[in-house]
Amino acid sequence: MTKRVPPPPTGFREDSELTEFWVIRHAETTWNAIRRYQGHTDVPLSEHGKLQVQALADRLEGVRVDAIYSSDLTRSMDTARGVAAVMQGQPEIQTDDRLREIDVGELGGLYLPDIEVQHKAYLEALGQDPWNTRRPGGESMADLYERVSRSFFDLRDRHRGGRVMVVTHGGVVRVAVSLALGGELRDVWARLSIDNTSITRFVLHSGGGRLLSFNDAAHLEDLSPEDEDVQVP
């Protein structure tokens, strides 16, 4: 019998000025598994992704949060549903489309070799200015940061003194980490690896934030290593 991995600690000091966030990246999708770009394309979970959701749910069973928010894309919603069903009080899932992954526009559905052939000008521009260069027909990192930070600041103000779970995407988790650390997303984007169903915990207040834990995926240790996460948006 597999030993249950305990949930992250919930004893962080309560403070009416702080909002505690538990941010979870969605489980693996069928396109994650084959390294195909998704962005806003609504791609379902893979069979392995469904196992990841179950492992996450087993870990978080009985944990209390004050609210659960999710990206409106299926991969996040299905992950959120699996967790909410076993949490204390079975909280209702609220959606916020600002929590979507970066919009990759015309890159959606492509593989990296396709992009290298079909979008050379974009890749050259990205190399010169990765922060402001928009994906063809999509968003830049600056666009993503602006959109996602507004969502987190709204949630911070709405749930002061509480604990909020957010189920979302890798790019959004990167923005969240930069908000918690008070740094620039451009400085950390390429250096952060976000595993499917990993938990990142931090607090935000009006003056900044504090990172409590990052990319905690201990519940996935018993799943086969050949199915580990890939970092494709």
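Just so it is clear, glycine is given a Cβ too, placed from its N, Cα and C backbone atoms.
The model shown is predicted, which means the values in this text are computed figures rather than measured ones.
Taking a C-beta cut-off of under 8 angstroms and a sequence separation of 6 or more, HIS26 (active site, tele-phosphohistidine intermediate) has the following same-chain neighbours: LEU45, GLY49, SER71, LEU73, ARG75, SER76, ASP78, THR79, VAL167, THR168, HIS169, ASN196, THR197. For HIS26, the entry in TrEMBL reads active site, tele-phosphohistidine intermediate.
Per TrEMBL, the feature active site, proton donor/acceptor maps to GLU101.
Long-range neighbours of ALA27 (substrate binding site) (same chain, six or more residues apart, CB within less than 8 Å of its CB): LEU45, SER46, GLY49, LYS50, GLN52, VAL53, LEU56, ARG75, ASP78, THR79, ASN196, THR197. The substrate binding site annotation in TrEMBL covers ARG25, HIS26, ALA27, GLU28, THR29, THR30, TRP31, ASN32, ARG75.
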Argmin Cα dist to GLU101 (active site, proton donor/acceptor) over the binding-site residues ARG25, THR29, TRP31 returns ARG25
According to DSSP, ARG75 (substrate binding site) sits in helix
Quick note, ARG25 (substrate binding site): same-chain residues at least 6 apart with CB under 8 Å of its CB -> THR168, HIS169, GLY170, VAL173, ILE194, ASP195, ASN196, THR197, SER198
Record-listed substrate binders ARG25, HIS26, ALA27, GLU28, THR29, THR30, TRP31, ASN32, ARG75 have a maximum CA to CA distance, in Å, of 15
